[in-house]
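Take a look at the structure below.
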Amino acid sequence: MDVYQIELEEQAQIRSKLLVETCVKHSSSEQQQLQVKQEDLIKDFTRDEEEQPSEEEAEEEDNEEDEEEEGEEEEEDEDEEALLPVVNFNANSDFNLHFFDTPEDSSTQGAYSEANSLESEQEEEKQTQQHQQQKQHHRDLEDCLSAIEADPLQLLHCDDFYRTSALAESVAASLSPQQQQQRQHTHQQQQQQQQQQQHPGQQQHQLNCTLSNGGGALYTISSVHQFGPASNHNTSSSSPSSSAAHSSPDSGCSSASSSGSSRSCGSSSASSSSSAVSSTISSGRSSNNSVVNPAATSSSVAHLNKEQQQQPLPTTQLQQQQQHQQQLQHPQQQQSFGLADSSSSNGSSNNNNGVSSKSFVPCKVCGDKASGYHYGVTSCEGCKGFFRRSIQKQIEYRCLRDGKCLVIRLNRNRCQYCRFKKCLSAGMSRDSVRYGRVPKRSRELNGAAASSAAAGAPASLNVDDSTSSTLHPSHLQQQQQQHLLQQQQQQQHQPQLQQHHQLQQQPHVSGVRVKTPSTPQTPQMCSIASSPSELGGCNSANNNNNNNNNSSSGNASGGSGVSVGVVVVGGHQQLVGGSMVGMAGMGTDAHQVGMCHDGLAGTANELTVYDVIMCVSQAHRLNCSYTEELTRELMRRPVTVPQNGIASTVAESLEFQKIWLWQQFSARVTPGVQRIVEFAKRVPGFCDFTQDDQLILIKLGFFEVWLTHVARLINEATLTLDDGAYLTRQQLEILYDSDFVNALLNFANTLNAYGLSDTEIGLFSAMVLLASDRAGLSEPKVIGRARELVAEALRVQILRSRAGSPQALQLMPALEAKIPELRSLGAKHFSHLDWLRMNWTKLRLPPLFAEIFDIPKADDEL
């Protein structure tokens with residue numbers, strides 16, 4: 001029975017080990033080793049079983065009956081053995097461990113011989129020791145599994161424990177020579193822990209190599225290691241074999257315990273037998289001499305988690321946090337106030353980083369480096385030449401994208417229409433010419449202001465609330481320039497106050513604000529809209545922004561100005577003056593608006609005088625074919641009437657000439673109808689009128705506006721049209737009469753004697769157009785307020801262009817006196833067209849000409 005007891009005990013051990021392997025999921029190689037071991041045990045059992053019958057043959061010869069009974073008992077025992085592997089043993093049950101520890105008075109005890117009893121007692125003692133060790137191992141297994149359920153991090157230690165325990169028997173022979181090395185390693189670990197406690201800042205961030213566990217990569221850690229990313233620091237230990245003792249079989253680290261050199265994880269490792277033996281030894285060492293204590297393991301993992309929380313952040317994360325804090329403390333440094341291209345962004349980034357870079361003044365049109373002050377705007381050479389060619393050749397551009405192209409340095413040549421429109425909106429004009437050069441100090445201050453604006457705009461800039469919503473970085477830059485020039489300008493503007501007090505002698509003036517600079521300022525033009533709905537005046541928000549931009553640029557150029565507001569209170573004029581140095585905006589003051597007469601405060605609050613000047617000036621230049629530049633080199637040619645051989649009488653000949661001349665004259669005047677309509681749409685406030693009022697103003701004021709434009713080409717003998725063809729005095733008398741021709745020539749000669757510029761002619765034409773006393777107007781007061789604003793703009797322009805001239809104060813009343821004369825010529829001209837209305841069937845007139853003068857047309861021309 002001892003043999004059977006041994007056999008059952010061996011099977012119980014095998015079952016227990018299989019259960020342990022199932023719990024911890026051993027690898028296939030370890031399972032194969034256990035299977036081989038199980039087969040060896042089965043072979044030993046079979047060999048002992050074969051020897052057992054040979055010893056019992058002598059006893060069986062004495063009594064055959066007893067042998068038969070014993071044979072039956074053996075068969076019964078074999079049947080029981082076949083059923084034993086099917087039994088589901090509990091690895092932790094005392095039944096499996098002590099099933100055959102029967103008492104001494106058992107009935108089966110006397111059936112064995114004394115020799116076998118002695119051998120069985122020795123074997124039982126050995127088996128008892130093994131059972132105790134195995135029982136302790138199973139208890140540790142249960143403790144570790146419970147710890148894993150409580151904290152998943154315990155799997156790292158438990159997995160290492162079970163792997164080493166599974167290999168304990170295979171390396172039992174090699175454990176004894178390695179015990180001394182383990183003691184040294186334990187001593188080294190204690191020293192490292194003491195060093196870490198003394199120097200927490202110099203903790204070693206070491207990592208064990210990855211351990212394969214069911215296809216997942218885990219970090220096997222010891223009590224001196226930390227969780228975290230792999231460190232590249234190669235720390236040298238006092239012991240030569242400090243790093244080799246932590247290698248695992250599946251690690252990617254190089255380990256050489258024989259050489260004792262320390263290497264970092266991830267390095268190239270030579271797959272040698274020494275590293276494999278070292279890994280096996282380290283695993284077996286931990287299983288044989290150090291039994292896993294669940295409490296110690298839990299405290300170790302908790303200590304490691306605490307160290308992980310106290311681990312300092314990487315350097316890159318610290319830098320990102322510092323940069324974020326700097327951005328919160330200095331948000332203004334993150335704004336770029338440079339150009340709209342790559343060079344400006346690079347410059348602003350260099351300034352933010354503290355790198356000094358040479359700043360430059362940008363071009364107002366494309367953002368390129370400005371070469372100077374051209375046509376009233378700081379611009380580059382490319383935009384200066386483009387604008388000069390455009391105004392000299394009068395090129396008409398077209399945009400394929402509805403005038404919404406972006407104009408920057410890289411693509412400024414793609415759309416000429418949008419580029420020219422941006423030149424106009426930036427303030428480029430033939431009249432906006434500077435007198436003198438920019439002082440050197442002003443240029444230096446401009447450069448300093450540009451560099452400081454790139455670093456961040458100061459918070460002390462005074463910006464109007466109306467412009468803050470649409471403020472552009474360039475506005476901030478130029479407002480900073482005027483802030484730097486404030487002290488210099490305060491010393492210059494004082495003598496100019498006396499000059500502008502002469503405005504008290506002017507007649508009735510609307511309550512608007514006037515800025516009269518000592519040197520010609522360059523306010524920005526209002527944008528010329530591409531759609532008819534946006535025409536008829538400058539948008540108030542855009543105009544304020546444009547004006548703020550250019551008023552500050554004018555101040556930066558060394559000019560200074562005086563804020564003059566003439567208001568009417570109780571029928572008496574009052575001059576409200578004050579210095580205006582470094583002003584951010586040109587809007588009307590609140591107290592001045594409240595004192596305006598006849599409700600003009602709304603108009604004065606929406607548009608400034610300079611907005612009106614520049615809007616009307618640009619409208620005139622774009623839509624008038626009689627400007628100074630266009631007429632300077634005009635090739636003049638006479639209009640010759642062909643001979644009529646059919647006419648038999650003088651009356652018939654004169655009628656033929658009159659018909660032919662009207663056809664020629666109307667054909668050349670009709671293009672001016674469309675131009676004047678476009679000009680009227682761009683006059684500030686015109687599109688706010690009702691459609692009926694707009695139609696009345698254009699139809700009744702067309703000839704008067706056209707005559708104001710063409711007066712430059714009228715002399716005592718001829719009237720020259722925009723194509724160079726001229727009509728003689730005799731031909732004009734054929735069209736009209738001698739009285740009308742005399743009045744027309746006198747008016748033109750007088751107007752030419754005043755020497756008006758294109759801007760002044762445009763403003764005067766707008767005044768003529770905005771006649772509030774036309775018959776049939778529904779809102780004459782609204783038209784009258786718009787006319788007063790234009791009249792004030794003309795007055796300011798005259799004083800500005802003729803500063804110091806004695807005729808400056810007399811010119812505006814003279815021009816206002818010419819308006820009734822012009823109205824009389826318009827009425828006479830309308831009456832002369834009655835002949836065309838009566839004889840419209842004899843000649844073919846352009847439909848637009850016939851429509852604007854109420855001349856009947858054929859049905860096919862409607």
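Glycine is treated like the rest: Cβ placed from N, Cα and C.
Of the given residue ranges 399-418, 659-678, 719-738, 779-798, Swiss-Prot assigns the label zinc finger to 399-418. Swiss-Prot lists zinc finger for one of the ranges 6-26, 363-383, 573-593, 636-656, namely 363-383.
Broken down with DSSP, the zinc finger (363-383) shows 3 helix, 7 strand, 11 coil.
Taking DSSP states H, G and I as helix and E and B as strand, the zinc finger (399-418) has 3 helix, 0 strand, 17 coil.
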